[in-house]
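Features as listed in TrEMBL:
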SIGNAL    1-24  signal peptide
TRANSMEM  236-258  transmembrane segment
TRANSMEM  296-320  transmembrane segment
TRANSMEM  332-353  transmembrane segment
TRANSMEM  365-390  transmembrane segment
TRANSMEM  402-427  transmembrane segment
TRANSMEM  448-470  transmembrane segment
TRANSMEM  490-509  transmembrane segment
TRANSMEM  521-545  transmembrane segment
TRANSMEM  557-585  transmembrane segment
Amino acid sequence: MSMAKAHNLVLFLILCTILQFSSSFVAASPSPSDHRFNVGDVIPFFVNKVGPFNNPSETYEYYDLPFCYPDPLIRKKESLGEVLNGDRLMNALYEFKFRENRVDESLCQKKFTSDEVANFKQAISRDFYFQFYLDDLPFWGFIGKLEEERLRSDSGGPEYYLFTHIQFDVLYNENRVVQVNALGDPNRALDITKDEDIDVRFTYSVIWNATRVHFENRMDRYSRASLLPVYRQVHWFSFINSIAIIFLLMVLLAILYMRHLKSDLKKYSNSNEEDKEVGWKSIHGDVFKHPPHSSLLFAIVGMGTQLLILLCVLWFLAFIGTLYPYNRGGLLNWLVLLYAVSSVFAGYSAASLHGQFAVNGWERSVGLAGILYIGPVFVAASILNIIAISYRTTTAFPLGSIIVILALFVFLAIPLLAFGGVIGYRFRSELQPPSSSKRYPREIQQLAWYRRTLFQMFIGGLVPFSAIVLQLHQVYASMWGYKIYTLPSILFVTFITAVVIIVLVNTGLTYIQLSAEDHEWWWRSVLSGGSTAIFMFGYCIYFYVRSNMNGFLQLFFFLGYNACICYAFFLIFGAISFRVSLLFVRHIYHNVKRE
């Protein structure tokens, strides 16, 4: 009875978690029917955050700067994804009524102290921007401007100007809001160069204009940066470059298979016993021997399989329109939930693969799969969270969000991981190698430098990386800049291209390794396939050096999150490379005629 109650309790917690996330998705992605207004209706408006333009990870709450704020100050209830994204939406004194213009509307009168003026000066010197939301449409603007000394005739040093008047230009189609822009009026900017108390009057204007753009297309403006001719040329050049590399690799692999592999098989079937003990044919009793550190190897393959499935589901959601640009927290909501749910695939893959080689010990492989990725990510996120808290940025995770994530992991991810492990072990398929494994493996001779692991990792990573580097630059520019990337189809084609190249390259590398009578191909296939992610991380460092990002916080956030992303791709590419190499090895040794 107690077991049944515990089982029902787990199911109840899982159901509550899914319902909570479902409500978060609805809150983050309202339906079009929620955006219809009559003339004079108040439109939902929220202020979000401010931060330096060059450091996208360094964001602060809007009212951390001494702007005018309402009383009471009300925080919008946010989903988990919005919190993880650093969004902190709050109400404001600005008022928007549908199709009602406002000209020089007074916001507030405020007296700034010298310290508050100094805060604004520091923010203006770092190109601080603000982000607002009107009817779930994000828009941005700068809080002021800096006139450098070299731009003026006198030499009195830089001058700081605070925008005290903002003009909002709102476009509508029938009874719906389609677009909004905010522009600080430079003619009404207040000179705050001197650190002294000053009286400030903030005003704003709202101008409404009709447009022919339909409501359903109002998000298209955020993707125009991705559709400029220069980016189209980059996409096409990258695509042609990838196709050329794939074609060359297929030709080389075809030559390898037709001229060498088939020739070896033919010679093997017609040769005597002495000739058979040469090349890759001589190690047929060693290639299927239980690999060293097998539990860790199978855990890598299991976790890589989970992340691959997770990535494919995210692309599917993007294709059907569930994920779109500036869907507040939508991507992170789905990412957290899908990671927990897809843990069942990691457990299943690790246990079923372990069960093909050993009867006992599959639990260790499943346990390693459960912590192999989330463990390092948790450590990295904890360090970054401590840094964010010390800087008092919005990227710091509140305690409530941390508890929700831990509860999701404990009550959903771990049970599904264990369930997948049990199913994978129960329904495992036995590995039937073409030849029996020897008790003592053959000694591996000293290999030339180009046949060793490091060089094969270099080749296995460089070739796929060269095919995706142009698209990778666009992805980094979208993640760490303000170039909005909204072409999931291009990203999907790029990923498939990288996978195909990894498959082709590592099949050839595995054959070269076996030809050198080196039977330890298990780990090398994982390392050679995953090494593409090492090149990706190296390029992210190059991207940071060439960018305008600066500061301790931004550096750690950039390196930390990119390390987590590249580590995920290391596991994905490594798992794919291992599975393909295993199929290749089984295929060629299955065709060997044995007496």
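If you go along the chain as it appears here, the first residue is 1 and each next one adds 1.
In case you wondered, yes, glycine gets a Cβ from its N, Cα and C as well.
It should be emphasised that the depicted structure is a prediction, and the values quoted were computed from it without experimental measurement.
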Positions whose Cβ lies under 8 angstroms from the transmembrane segment (448-470), at least six residues beyond its ends: 234, 237-238, 241-242, 245-246, 249, 494, 497-498, 501-502, 505-506, 509, 512-513, 516, 518, 524, 527-536, 539, 573, 577
Leading stretch by Cβ pairs under 8 Å, where the reference is the transmembrane segment (365-390) and the options are 402-427, 490-509, 521-545, 557-585: 557-585
Within-chain partners of the transmembrane segment (490-509) [C-beta distance under 8 Å, separation at least 6 from its ends]: 235, 238-239, 242-243, 245-246, 249-250, 252-253, 256, 311, 315, 456, 459-460, 463-464, 467-468, 471, 475, 524-525, 528-529, 532, 573, 576-577, 580-581, 584
Intrachain neighbours beyond the transmembrane segment (296-320), with Cβ under 8 angstroms and 6 or more residues off its ends: 331, 334-335, 338-339, 342-343, 345-351, 353-354, 365-369, 372-373, 488-489, 491-492, 495, 522-523, 526, 568, 571-576, 578-579
